[in-house]
Amino acid sequence: MRARGMEMASKDCVQVAVRVRPFNKRERDAGSRCIISITSNNISIQDPRNPQNSRIFTFDYTYWSHSGFSRNKDGLFVSEETGGRYADQASVFLDLGQGIHDNALLGYNATLLAYGQTGSGKSYSMVGYGPNKGLIPTLCDRLFQSIKSMQDSRQCQVFFSMLEIYNEQVLDLLSKTSRSAGGLRVREDQQRGFYVEGLRRVPCDCAAQVEQLMEQGTRTRTTVATHMNANSSRSHMLIIIHLKQIFSKECITKQSNIYLVDLAGSERQRSSGSEADRLKEGTAINLSLTTLGNVISALADMALGKKVVHIPYRDSVLTKLLQSALGGNSRTVMIATLSPADICYEESLSTLRYAERAKRIQNKAVVNESPTERLVKELKAENAKLVLRLSRLGQEGRKADDETKELRRLLTHNELQIRAIQTLWEQHLQEALKDWENQYATITQERRMMQMHPYIMNINEDAQLSGVVKLFIQEGEWDIGLADNSPRSLCIRGLGIQDKHAVFSNQQRRVSITPVAGSKVIVNGVPVSKRIELQHLDRLVLGSNSTYLFIGFPSERSGEDWSRYDYDYFQSELAAAEGFHIQSLCDDQGHRPHQPDPSLLAVFYDYIKLMPMVTEANQMSKELKKGVEFKLEIKNLAMSDSKGHDLEKDIAVRVTSVESKQVWMWSKAKFVNRKFLMEEVYQQQVVGGEGADRAPLPRDRDPFWDPLEPLHLGSAHLWLQSLAFRIPLEEQVDVVGPEGTEEAILQAQLVPCSPTGLPLGEDDILIDPSELLGKRLDFQLVLDQCCGLRWVKEARNRGVQIGFQVFDCPQPLYTPAVWHNVNPLLDHRIQFTALRTSQELLNFLQSNALVLELWGLQEGCSELVSSMDGVKMTQEDNIIIDKINASEHLTAETGGSDLSSSLRALHQDLEQLRNSNAALRKENSALREQLNSARNGVENNRGRQERRGSLRPSCDAEFAKALKVFYHSMTSVRGQLQRLRRHKPSEEADLLGLRLFVDEHTYLLKDFSEQLEQCVTTLKQDVAAIVRRKREKSGIWS
């Protein structure tokens, strides 16, 4: 499963490891299926929609951390079996961290990159959780252990830096001063390469000090993320450890920079699909990760021998700082983390492809010699020369006082420089130790408060940032909000937080929260507007998305596992309060909850992920006075294709202008891109402060606006089976929206007709649809009226169009637009022709419906136009379908050669003769049977045969009429069945409401059963009457 860790020290290629994490709570609750398997260094991923389709990748290291583990008494996750395949934190460090450690001590630069989608386990592998320490803290422990064991042979100096890159801005997470506008600058030096100007480097002499600095940096990162409305999953975190080893005897200094990089969530790199956005994707928020991908691709191509003109290191802040790690002077390892769940298939496959490219990169690592040590060497060499010159002057006895004084002055100056260089480390270390002591005192005080008072602690999407901020609720009343001008105030920042947002009260060992008017406070998924008492482990959401867990008095804490109340738990709870959870989604679609469809799981996963983003977008719209509201919708939830099969579900965002009532529908990818752009605008105009640029954006650059386009409102199904019997159909069909809402009622007809458009009579009705094969079929689609348009009821300045596509017609066709009318007359009639009906068309008519799509129009948007490209017409201007025979029709109808016309006529005559021959053979067979059974002679038998021939047409017509009545009755039954499917209880219904719903549902079911029974009974009675009359009139039928 794993290669040897020390191999990395002898190679300069990028080493790539892949680690598979366990299912998280959301994936377990959704019944997710594992689609990843590992064999040796090979990893296989299976497509959940097509299990036969799988991809295999090979990497330097593969780690199975999905299953086969348990927690021991020390809280460590270990393999359940000795020698089991579970990879714990120690085994990951042995392969990856030990190589980084060894290379650093040898004087090489070393880099460790963590890549993967948000929540895939990057932070757990890099930092760890609780006693399960990750690569970074374990590396620091081993590094200081090695330094201590080697202190006799060398002097070691360790400097620690921690920074974050968000939106192309560099933030020093250890800075003592306030954040500068625009962040720190990245500069370039001929010797040092790219570096961050002004980045704080803190000397450290123990691992505990490094751990404390990491806590300080994490706290700063959490505070800044809340203040800037920045999500940690879109930021890159870099830890830089500078190791300097001074070998006094050898007069050698080795220096190494260790870069430990936790990259932003890789799902931000996913393609936006087929829908293009007019505003450029890959904003500053995405730029670093996008450029990193471009750099890796260029270096991978170079390693394969392809000609690469340019490697875009300079295109982003991240790639500037990682230039030495990628193709430069460093020994580099990448760990890619994966979720094995089927709902994360696309993300995991993308991560594997990314990692596969990275493993081709070749670096050129060399041992580093410090410029500072060279200066000391040069100064010592110069001093030796000065001492030699002074001794020669003394030996020669020359009187050169002036020259001697100058030499002694230079000697003293050089010695002072050497002493300053050598004592600088001790001074920095003493200052860092003082800071560490102050930080330690603060942490000790916080831990003391945790054992005395209740408090709320933050919950972040990044588990490493959760629990960092703790706000203690001491006895009395405490205001919580933006304002911090009172000694009894708790200051928080975030979208939707007011100056005074709510009031906490701690009286008689009871804690309550009272929202201030107009503020948003949610407790356990339910919005509250008045005082409510809090219980231990209650979940709070303040403002748009500031999530906190309430921790009660110490006496109320009984050792529960608080870790289950993570960010996903909060979002799932909010979704469940809105009536959206995986069980209800599966029930709506007829799936068993323990066997949900992968597409439904993906929809649930996306819905939960987008919920907080939609909330934040609404708050930014409010604060920027954009007047736009965003709402999540499930696309195709209640919609089906022409066969009645469910369409694939997806998430869309409905965007509505409050003032003008204009509506847009954005895809998931488009909304995510726009959300990034909204954040940039928000940073500039709101967070930027008084000096920020507040000039209004031009409309074409405004992420809250888009040109208007026709909207798909819903669809109706007009079943085509009656056409196979040449029976006309007149029906009122319900237009159902994507989420099952009734958008309108459409009156439509299917009319079998002659080539000139005259409706066929009852005598033309067929009993056997196969009689259509090879014959011409003409029918008209008539759209009479659309009633009860909900789209137009909401705003009278709107219009609609109906679109449809029949069988193999190459382009969709649309009715003319109708405006400003809730019940518009469409009066649209169009005729279709199949010149020689094929078996494919006949099968289509018997099993498919014509899907009529309702499109909404708004003032300012262009109407949908029927494209006639590739559409073939008859001489009567009818649209030709069933393209199998279209070429034959065109040859005959456009005046082709006489030979081809004659040949076609002969084919038709031949077909008629064959049919006549078959009929005669059947007739002869019947006559033979009658002759053999005749009792009254030949003449009487002939008379009966004549009567039979005269009775057949009338009996067939009666049977056709009975079928027509049956089909019309079944249309009504089908409508009742659709009403039953859509009949659901109100989400707000109480017990009485549910009882009323059950009674009403029982009545509808009874009505449906009676209608169905009546239709079948009527058909049976009609057929029995026809048979009885035939028996009465003909002895042959007896």
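Just so you know, glycine gets a Cβ as well, placed from its N, Cα and C.
Summarising the annotation, TrEMBL assigns domain 'Kinesin motor' to 13-361. Confidence in the domain 'Kinesin motor' (13-361), given as mean pLDDT, stands at 85.
Feature annotation from TrEMBL assigns ATP binding site to Gly116, Gln117, Thr118, Gly119, Ser120, Gly121, Lys122, Ser123.
The region 'Disordered' annotation in TrEMBL covers 932-951.
The most densely surrounded of the binding-site residues Gln117, Thr118, Ser120, Ser123 is Ser120 (count of other Cβ atoms within 10 A of its Cβ). Listed binding-site residues: Gly116, Gly121. The one with the lowest count of other Cβ atoms within 10 Å of its Cβ is Gly121.
Around Gly119 (ATP binding site), a 10 Å sphere centred on its CB holds 26 further CB atoms from the protein chains shown.
On its own chain, Lys122 (ATP binding site) has Ala114, Tyr115, Gly116, Asp262, Leu263, Ile335, Thr337 as residues at least 6 apart in sequence with a Cβ closer than 8 Å to its own Cβ. The residues near the ATP site, meaning same-chain residues not in Gly116, Gln117, Thr118, Gly119, Ser120, Gly121, Lys122, Ser123 whose C-beta sits within 8 angstroms of the mean position of the site's C-beta atoms, are Arg21, Gly265, Thr337, Ser339, in sequence order.
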